[in-house]
Each structure stands twice: as structure tokens, then as C-alpha cells.
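Features as listed in Swiss-Prot:
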BINDING   ARG37, GLY38, ARG69, ASP88, ASP89, LEU90, VAL91, ASP92, THR93, GLY94, GLY95, THR96  5-phospho-alpha-D-ribose 1-diphosphate binding site
BINDING   ARG69, ASP92, THR93, GLY94, GLY95, THR96, TRP134, ILE135  GMP binding site
BINDING   ASP89  Mg(2+) binding site
BINDING   ASP92, ILE135  xanthine binding site
BINDING   ASP92, ILE135  guanine binding site
Amino acid sequence: MSEKYVVTWDMLQIHARKLAQRLLPAEQWKGIIAVSRGGLVPGALLARELGIRHVDTVCISSYDHDNQREMKVIKRAEGDGEGFIVVDDLVDTGGTAKAIRDMYPKAHFVTIFAKPAGQPLVDDYVIDIPQDTWIEQPWDMCVVFVPPLSGR
């Protein structure tokens, strides 16, 4: 990845709220299935905004920090996804998204961020991200002191 896109907590909450507005009315949804781990925080934010209490997870491992590797399904929510929102933080190459579509063909699949290769696989997203850009999510960072350039 040549570029980095840094996401703050404030930005994430604003984007999640925008996505939640598009998912109204909330009564049409039985629940949310969050893709672990990237979709856990967006899933919680959507659940809050939409007043949804039924939240489940599907646990798919496909990243090791900034390296993609073979996909492994660790745990899945039951059913075909009918009436459920499946949420992940981003769709990148589409590997995870294809697995989600196979597992939950009737779900409404959403992400906060979408890269071009995976964009056609989601039903909705908020922000376009170039394919060669790595997204630094707020849960992967911490605030630290940065000394002034002058050293004074």
C-alpha cells in the first residue's frame, strides 16, 4: 500500500450516522451481523443509531495487520441473512465480501469504506477509498505526543 488514510473516532461516528440514515426505517431490520473484527465498532454504532438490540457476529480472519492472507471462517451467525444488515468497516479486494455474500445471500451488506475492487459487492457504503490506500482505523491507533519540528 502506498498511501495511508487515517480515520479518527469523530470521522467514524459521522460516517456511521450517515450510513444509519440510509438504513431507515429501522423496523425493517431483524438485527445486525457485524463482521469481526473490523465491523464490530461500526456494528455497535449502527445498532445505537437504529435502536437495534439483536446484534450477532460472523468471525472471518483475512488480514494480519496490513497483509492479506488466506480466509478462515471462525464463527458464523445462523441463517441466510434475511432481514439483517451485515456490516464491515471496509470492502477491499472483495475476498471477505464474497464469503459474506455466499453465507448471507439475503442480507443487506454495508460498509463504511469501499475500494474499487470490492465496491460492486456491497449494497451501500459511505466513503470511496483508492485501491492502493491502507486505512488506519481509530481502534488500531492511540494519541501520542509529537514533539515540535524545531525541537524547542
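Every residue, even glycine, has its Cβ placed from backbone N, Cα and C.
Recorded residues THR93 (5-phospho-alpha-D-ribose 1-diphosphate binding site) and TRP134 (GMP binding site) have their alpha carbons 12 Å apart, per Cα-Cα distance.
Taking only the Cα positions, the spacing between GLY95 (5-phospho-alpha-D-ribose 1-diphosphate binding site) and TRP134 (GMP binding site) is 16 angstrom. The binding-site residues examined here are THR93, THR96; by Cβ neighbour count within 10 Å, the least packed of them is THR93. For the binding-site residues VAL91, ILE135, the largest tally of other C-beta atoms within 10 A is found at VAL91. Cβ neighbour count within 10 Å across all protein chains ranks ASP92 highest among the binding-site residues ASP92, GLY95. It is 11 Å from the Cα atom of VAL91 (5-phospho-alpha-D-ribose 1-diphosphate binding site) to that of ILE135 (GMP binding site). Between THR96 (GMP binding site) and ARG37 (5-phospho-alpha-D-ribose 1-diphosphate binding site), the C-alpha separation comes to 12 Å. Cβ neighbours within 10 Å of GLY94 (GMP binding site), excluding its own Cβ and spanning all shown chains: 19. When each of the binding-site residues ARG37, ASP89, TRP134 is scored by how many other Cβ atoms sit within 10 Å of its Cβ, TRP134 comes out lowest. Here the CA atom of ASP92 (GMP binding site) lies 15 Å from the CA atom of ARG37 (5-phospho-alpha-D-ribose 1-diphosphate binding site).
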